[in-house]
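According to TrEMBL:
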- 6-23: transmembrane segment (TRANSMEM)
- 30-48: transmembrane segment (TRANSMEM)
- 54-73: transmembrane segment (TRANSMEM)
- 85-108: transmembrane segment (TRANSMEM)
- 114-133: transmembrane segment (TRANSMEM)
- 145-169: transmembrane segment (TRANSMEM)
- 175-197: transmembrane segment (TRANSMEM)
- 217-250: transmembrane segment (TRANSMEM)
- 270-289: transmembrane segment (TRANSMEM)
- 296-318: transmembrane segment (TRANSMEM)
- 324-344: transmembrane segment (TRANSMEM)
- 356-374: transmembrane segment (TRANSMEM)
- 403-520: domain 'RCK N-terminal' (DOMAIN)
- 567-652: domain 'RCK C-terminal' (DOMAIN)
Amino acid sequence: MQQLFIELMGLLLSAVILVWMFKRLGLPPILAYLATGLLAGPHGFAWLANGHEMHGIAELGIVFLLFSLGLEFSLPRLIAMRNIVFGVGLLQVVLTSAVFFLLLWGFAFDALSAFAIATLMALSSTAVVVKCLKDTGQLQKRRGQLAVGVLLFQDLAVVPLLITIPLLASDTEQSLTYSLAMALAKGAVVCTLLWAIGKWCLPRIFNEVARMRNEELFVLTTLLVTLFAGGLTYWFGLSMALGAFLAGMMLGESQYRHQLESDIRPFRDILMGLFFVTVGMQLDLAYVLTHAHIIFAALAVLMLSKLVLLAGIAQLMGERKSDALSAGLMLCQMGEFGFVLVALAGNQGIFAGELASFLIALGVFSMAITPYLIEHSPKWVHHLFRASTEAPERIECVDKSLSEHVIICGYGRVGQNIGRFLSSEALPFVAIELDPYLVQQGRNSGYHAMFGDVTQKSILERAGTAQARLVVITFTDLSKVQMVAEVVKQVAPQVNILARMPDDAHLDELKESGVSEVVPESLEASLMLSSHVLFMSGVPMKRIIRRVSQERENRYSLLHSYYISDEAPHRDENTERLEYLHVFALADNAYAVGKTIAELNLQARRVSIAALRRQGREIEAPSIETSLQGHDVLVLKGKPRRVERCERFLLNGGS
């Protein structure tokens, strides 16, 4: 027990330090977990003696991840994705396996080894890809759904592979056809059983639990349902992750969906981190250093081949070139089930130990590269296809006589409201939208609405961007907003661009991309809420309008600074660009006591004193001649790291 406690403490300490370091360097946390496993594993410092037991626990992270994914996909939505799952997914697994089989056979591998290696190389990492898609906000994009659809089929394909490989390696006369038929029958039974439980039992269970108004009971029930579904499919010889996905999908349409996802998140994130640690433990660093040239050459062949094959298959099945290539970049790695198949083939005597080490190294490095590929794939694909004329044939040019009009990029709720206001003032506009239903509704209302991708140069040209007065971008996806702005500036450098963003964290980046004005939603919401508060508190409307107008004229100067919690959910590297207010109390023996604000020269540190509270009285914007006293409470204004350094200076002096 004491040994296990020491191991866990060492593991947590390493993970915390490495995740912090990697985040500071702007690298994904997944790489930090892999590095932690490398250090802790048998090929590193080897302080973990219970690696196999931890791997079993860590696999629950995939179970919780697939449950969360299931909540995003209702049964009707999955049926609607059948062409992706059983079309693109099936072709990807079959063709990728066939290509690698022929390639390996040509390199003198025996048929059984070539088959085992080819099939595990055809699989991709559900754990890495889904987590990165969630983190980058691409899960609901078409490219994200395409990747997830293929991953779902791959997870289904693991089951027959787990049956086939041992049978091919054994000398028994058991029929392969019979074994696969039994596996399919079991799969049908367990899926039907879970569907029935999800439809008739789970809603009643959660309704009853919700009536109890006990948060602990709700969390325990969520954990029980997830593990029960995973255990049921595991008992039938299928993967636990598949059962968890089905359970999540059954609950995806319930009113408890968001609460379920919130409850499962802490367990999912911790166990997923542990899973990646156990993956890193399998990497033999000495072997990698000895065979680095072979490993990285094979890595390039693996990822490039999978990218080209999947992109080609997806495009053949009717997907847009950009989405097909993005999905190829997302799924060009080996997957976690590949490690399972490597272990299985090793136990069956198919692989030698050195080949297993080679495949594990290939898998770990391909998974390590994936977060970077997923994060940057939208921008790369955009630059690759920026000159493309790819556009649906049904897009027609707007009236060429139209000029001084407004182009609305995105005709969702925000775009429609902008259109109504423009129409009420008889100002012409053209709305561009990728949802054909919204386009048709706009046309039925008598507006200029056209189907198209606003990141395509040809679409903006057809919308008459060169003659437009203004381009309004109504969505908040940063990378896509930047893409649109860059393309607009290519078509019409003189046109003003107005964009909306959740906050002003990326203001400089957007300005560099060509955006003329940015409307930060959080600041505008603050203004509106403040104006309502003032009005309901008896302040005259005329004075409120004047205050709000002044704030807008000053570009939200008062609202740029605010107090932030240490537990703020969105505190990341982007927040370092914003200025915050921070309360700081001066001790009696502090360096700054007895000195004036002018003597301290805080401007050189790019920090200011927004207010000073002394003996219960607040002084806003104190003069530079104000002398600081012990027990003064200062409200410092500046960027987080500068404020931290300023605090140390006020306390201890020095540089």
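Placement of Cβ uses the backbone N, Cα and C atoms for every residue, glycine included.
Counting only same-chain residues 6+ beyond the ends of the transmembrane segment (270-289), those with a CB under 8 A from a CB of the stretch are 11, 15, 29-30, 33-38, 40-44, 48, 51, 54-55, 57-62, 64-65, 127, 131, 295, 336, 339, 354, 357-358, 360-361, 363-364, 367. For the transmembrane segment (145-169), the list of distant contacts is 66, 69, 73, 78, 81, 84-86, 88-90, 92-93, 112, 115-116, 119-120, 122-124, 126, 129-130, 133, 139, 176, 179-180, 183, 187, 237-239, 241-242, 245, 310, 314, 319, 323-324, 326-327, 330-331, 335, 337, 340-341, 344-345, 348-350: same-chain residues at least six beyond its ends, Cβ to Cβ under 8 Å. Across the domain 'RCK C-terminal' (567-652), the DSSP tally of helix, strand and coil residues reads 26 helix, 25 strand, 35 coil.
With Cβ pairs under 8 Å as the measure, the transmembrane segment (114-133) is packed most heavily against 54-73, out of 30-48, 54-73, 217-250, 296-318. The stretches the transmembrane segment (54-73) and the transmembrane segment (175-197) do not meet in space: the count of Cβ pairs below 8 angstroms, excluding pairs fewer than 6 apart in sequence, stays at fewer than three. Among the listed stretches 6-23, 30-48, 217-250, 296-318, 324-344, the one sharing the most Cβ pairs under 8 Å with the transmembrane segment (175-197) is 217-250.
Using a Cβ-Cβ cut-off under 8 Å and counting only residues 6 or more beyond its ends in the same chain, the transmembrane segment (324-344) has close neighbours at 62, 92, 116, 119-121, 123-129, 132-133, 143-144, 146-147, 150-151, 154-155, 158, 161-162, 165-166, 239, 275, 279, 282, 302-304, 306-315, 351, 356, 359-360, 362-363, 366-367, 369-370, 373-374, 377-378, 380-381, 384.
Across the domain 'RCK N-terminal' (403-520), DSSP assigns 51 helix, 27 strand, 40 coil.
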